[in-house]
Amino acid sequence: MRLILEKRETSPAWLSVASPVIAILLTLCAGAILFAVIGKNPVTALRVYFLDPLSDGWALQELAVKATPLILIGVGLTLCYRSNNWNIGAEGQLVMGAVFGSWVALSTHGVAHGAWVLPAMLGMGALGGALLALVPAILKARFQVNEILTSLMLVYVAELTLDYLVRGRWRDPKGFNFPQSVNFDPQATMPLLFGEGRLHVGFALAVLVALVAAFVLARTLKGFEIRLVGEAPRAARFAGFDDRRTTLFVFAVSGALAGLAGIIEVAGPIGQLQPSISPGYGFTAIIVAFLGRLNPIGALIAALFLALTFIGGENAQIALKIPLDVTRVFQGLLLFFVLGCDSFILYRLRLVSREGLA
Amino acid sequence: MGIFEAILLTIITAATPLALAALGELVVERSGVLNLGVEGMMIIGAATGFAVAVLSGSTLIGALAAIAAGMVMASVFAALALGLAANQVATGLALTILGIGLSGLIGNDFIGARRDPMAKIVVPYLSDLPVVGRVLFQQDPVVYLTVALAAGIWWFLARSRAGLTLRAVGESHVSAHALGLPVLRIRFLAVLFGGGCAGLAGAYLSLAYTPFWSPGMTAGRGWIALAIVVFASWKPLRALLGAYLFGGVTILQLHAQARGWGIPSQLMSSLPYLATIFVLVIISRARKGGTDAPAALGQPFVADR
């Protein structure tokens, strides 16, 4: 007797909705086991991790703040992965967006300027991310260089660039030699949504981006092109779509969104440039894209769940002395379970006897 | 010891983890599987190897534990990518994310601990030769093992029947399956081998290259190893050469920093990554868009009974 995979004739519709939910449940079970192994009460730990962050208004605001960059990047990566372009350098594009956008903030620092400063920062941020993303895209379209490796290598280059700037020419001269820039002026910071708290306009922008992307992907010719290039490259070529142009387009868009996420983080929750501005949003967004079933609205929901893992991780670190790395473990496990569950949409497992195989 | 000799010595040390990880991944890819989790398996190897070496007091036991840890990680990948035919790119990324997290958990209690780096094996008489003596005949055992492994893999792939089978599976799993070859079993063994190599590569970082553990210490070397496989056109001896070349870039960067040439250190540190991109472009141009990659690379396989 042995187990084999067998292709399904039809994929049941309920399974593609249930798959991410089952994946989350399996992750929670694996998490309980993990907590037990490192000697913590699993029930307490899971409560601190996944329920406490949802307990009050302040916590919910924090959830939306953490979800903002994940939504923006996750939606961009969704478009990329749909068209079979593997941008995994979003972390670097986020950093480069923060650098480009901060240039506007720092060069207008201390001078009274009009309302154009923040929009200019967001624009420059998007440009910075897009320019960095276009490097692997051009290398792929022009020379067929593997985009996975090049986009990833640029993450390290972008992080080193940021490090150079905040330790060097952009360092706050009055900052007691700490490697950080000056605090951004009020004109260069994200306005708060409710006039108080931490929730800023960036969240509304991110939700808008997800809605627009969902519309573009489902209802426009460009969206059809992206889906067709990904699913049936030959058919796309016969239909007259240039897959190299698609590559450049999706990389530019996903890079711009990651760059936007970067400058929004710096101009919002952080308020200044530092050597490290992201706890790995660019990599977590890869999971967002898959958990959201490569659908922009799905990415929106998935981003909220993954934001929970960041906040829960911080809570668990303070309340239970659990290392912050547990967050990454959770995220990795979640991606495994998502991919595993998704297999059952296409295949079913069957137990067959050896004779039956002959 | 002259400066030239010192540079050669450090290049070999810097190249060894790259070569090990690249050789392992090369065998995996020759069997038609793309495992992007090298960085994750490597950092788990670094954390486990160091932790076990500190606890047991033995470098050898640490290294063996690292190999085992790499293989455990690889079998998780295999369960999904081979067993459930999941997307190999995404599964490999998941392996890296999980590996970085787990390595933090494992290594957490060992931050600040130190061990003596791995002992060197001195070949009598030969190590007294000028210049090449110390470079070639006074290295730690893993350096010799890596060179032997490259030769062994070359022989296996080019000359042995089992190697031919492995390559057949990597070129066309459909034909291989039709011939009655156990495609998934062969791929599983290849993935395990790759995991063991990546685990040892990581242990080399924490037990020989630097005698301590620090979070994120692989610093993208797993990804550079993947690029070396492309650079090497999936040929083992070229992969060894490629690793020494990249080791050279890493060391050049360190020496330039030490001499204070007035170049920003961050620019020097980004050299290995920029060099990787540059080399990938040169390779693709030289091949004029064609590729030497195994034909079935990255495609999931589901037997039709």
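Each Cβ is built from the backbone N, Cα and C atoms, and glycine gets one as well.
Look at TrEMBL and you will find B:37-56 (among others) tagged as transmembrane segment.
Taken from TrEMBL, the feature transmembrane segment applies to B:63-86 (among others).
The transmembrane segment annotation in TrEMBL covers B:92-111 (among others).
Residues 12-13, 16, 19-20, 23, 26-27, 30, 63, 118, 121, 166-167, 197, 200, 204, 208, 235-237, 239-240 of the same chain lie 6 or more positions beyond the ends of the transmembrane segment (B:142-158) yet place their CB under 8 Å from a CB of it. Annotation source TrEMBL lists transmembrane segment at B:142-158 (among others).
If you look up TrEMBL, you'll see B:188-206 (among others) marked as transmembrane segment.
The transmembrane segment annotation in TrEMBL covers B:212-232 (among others).
If you look up TrEMBL, you'll see B:239-256 (among others) marked as transmembrane segment. Long-range contacts of the transmembrane segment (B:239-256) within the same chain: residues 7, 10-16, 18-19, 22-23, 26, 146-147, 150, 224-225, 228-229, 231-232, 263, 268-269, 271-272, 275-276, each at least 6 residues beyond the stretch ends and with a Cβ under 8 Å from a Cβ of the stretch.
According to TrEMBL, the transmembrane segment annotation covers B:262-283 (among others). Only residues 6 or more beyond the boundaries of the transmembrane segment (B:262-283), in the same chain, are considered here, and those with a CB under 8 A from a CB of the stretch are 220, 223-224, 227, 230-231, 233, 246, 249-250, 252-253, 256.
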Who are the long-range neighbours of the transmembrane segment (B:188-206) in its own chain, taking Cβ under 8 Å and residues 6 or more past its ends?
-> 16-18, 20-21, 23-25, 27-28, 30-31, 33, 35, 38, 41-50, 53, 62-63, 65-75, 77-78, 81-82, 118, 142, 149, 166, 212-213, 217-218, 221-222, 225
Among B:37-56, B:63-86, B:212-232, stretch most in contact with the transmembrane segment (B:92-111) (C-beta, under 8 angstroms) = B:37-56
